[in-house]
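Engineer: I am attaching a structure below and will ask some questions about it afterwards.
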Amino acid sequence: MKAGIHPEYKAVNATCSCGNSFVFNSTLDKESIHLDVCDKCHPFYTGKQRIVDTGGRVDRFNKRFGALSSGKK
């Protein structure tokens, strides 16, 4: 293989919004990243029913189509 063409492989610290943090190896240029959900707080892994709303998408949907589900016209 050619020398000097491969990206640097280093440790990256990932921090979740729930407070969980872990280190993994990656070719990212950043030393740390922030996550919205991880395996400790994701509804699929915890078994708890929870809506993960990023950017108000659920509110926007309910504002546009909420009248249809409530029977109002």
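Cβ coordinates come from backbone N, Cα and C, glycine included.
Quick caveat, the model's predicted, so the values are computed rather than measured.
Checked Swiss-Prot, it gives:
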type	residues	note
BINDING	Cys16, Cys18, Cys38, Cys41	Zn(2+) binding site
Engineer: Would you identify the secondary structure of Cys16 (Zn(2+) binding site) according to DSSP, in three states?
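Structural biologist: Strand, per DSSP.
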Engineer: For Cys41 (Zn(2+) binding site), which DSSP three-state class applies?
Structural biologist: coil
Engineer: Can you give me the same-chain residues 6 or more apart in sequence from Cys38 (Zn(2+) binding site) with a CB-CB distance under 8 Å?
Structural biologist: Ala14, Cys16, Cys18, Asn20, Phe22
Engineer: Judged by the number of other CB atoms within 10 angstroms, which among Cys16, Cys18, Cys41 is the least packed of the binding-site residues?
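Structural biologist: If we count Cβ atoms within 10 Å for the binding-site residues Cys16, Cys18, Cys41, the smallest count is at Cys18.
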Engineer: Residues other than Cys16, Cys18, Cys38, Cys41 within 8 Å, Cβ to Cβ centroid, of the Zn(2+) site?
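Structural biologist: In sequence order, the nearby non-listed residues are Ser17, Gly19, Asn20, Leu35, Val37, Asp39, Lys40, His42.
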